[in-house]
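Asks: Dumping the structure here so I can ask a few things about it.
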Amino acid sequence: MSKITTTNLLKMKQEGQRITAITAYDATFAKLFDDEGAHVLLIGDSLGMVLQGGQDTLGVSMDEMVYHTRCVVRGTTNALVVTDMPFMSYATPEQTYQNAARLMAAGARMVKMEGGDWLCDSIRHLTRNGVPVCGHLGLTPQSVHVFGGFKVQGRDEFQAQEIYRQALELQAAGIQLLVLECVPTSLAERISKALRIPVIGIGAGPATDGQILVMHDAFGITSGYVPKFTKNFLAETGDMRAAIRLYVKQVSEGTFPGPEHCFN
């Protein structure tokens, strides 16, 4: 597999090839995922929960995201490396640009921001200055206290229409990739068909252009609570390398996620 770019991902969408993404936080696992064909590696602020033991992602700092980006980049040859902008690091266009520049200097090739059309000015500012952007709608973990917990979004008609509208607005502002998290399958399918850019789902059903999982969930390494949309691939294979190979295969074939992993 050659080096993955946003152009490659767009072509995959156009040709109906599914995109496999997974979180990574260090060089060792980044190399494993890269070797087994993952197209996108996300340095997620989920590290605040799965690595640091926090109850949410809000305490993760820019310095920590820069550090983990450097680690992942060292283990990656082909996959597109995307890094989360942490909580309160993109309140204004100029602040967004300064922080995104740090992540790009650390080796990221795209940054991800959570939120709707209030981000459009910052997205335009980044894209004008050479920084590719991934959007994130639905359940946005940095807004967990606004939502009152980690809950499925877009189940009523008003909320679904708002998420759909915001997806179009973010695309118009310049995002090149969109993550949809914990939304009904029907809404994710509608958005995926409406957008020209690739849509990556997590808890969003099988009709998106690709899937992403937190690596700990894919290996069944949890602290007790197991999200409905996850699958323990390690339990099926008994080997980490084989587990990721199976994940990539099932995403590519469209057999993951199954009905049991979806929200209606």
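Every residue gets a Cβ built from N, Cα and C, even glycine.
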Asks: For the Mg(2+) site that Swiss-Prot describes with ASP84, GLU114, which of these is also annotated: ASP45, ASP56, ASP156?
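Replies: Of the residues offered, the record points to ASP45.
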Asks: Using Cα coordinates, what distance in whole Å links SER46 (3-methyl-2-oxobutanoate binding site) and ASP84 (Mg(2+) binding site)?
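Replies: It is 9 Å, counting Cα to Cα.
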Asks: How long is the line from the C-alpha of LYS112 (3-methyl-2-oxobutanoate binding site) to the C-alpha of ASP45 (Mg(2+) binding site), rounded to the nearest angstrom?
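Replies: Cα-Cα distance, LYS112 (3-methyl-2-oxobutanoate binding site) to ASP45 (Mg(2+) binding site): 10 Å.
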Asks: What whole-number Å value do you get for the CA-CA distance of GLU181 (active site, proton acceptor) and GLU114 (Mg(2+) binding site)?
Replies: 10
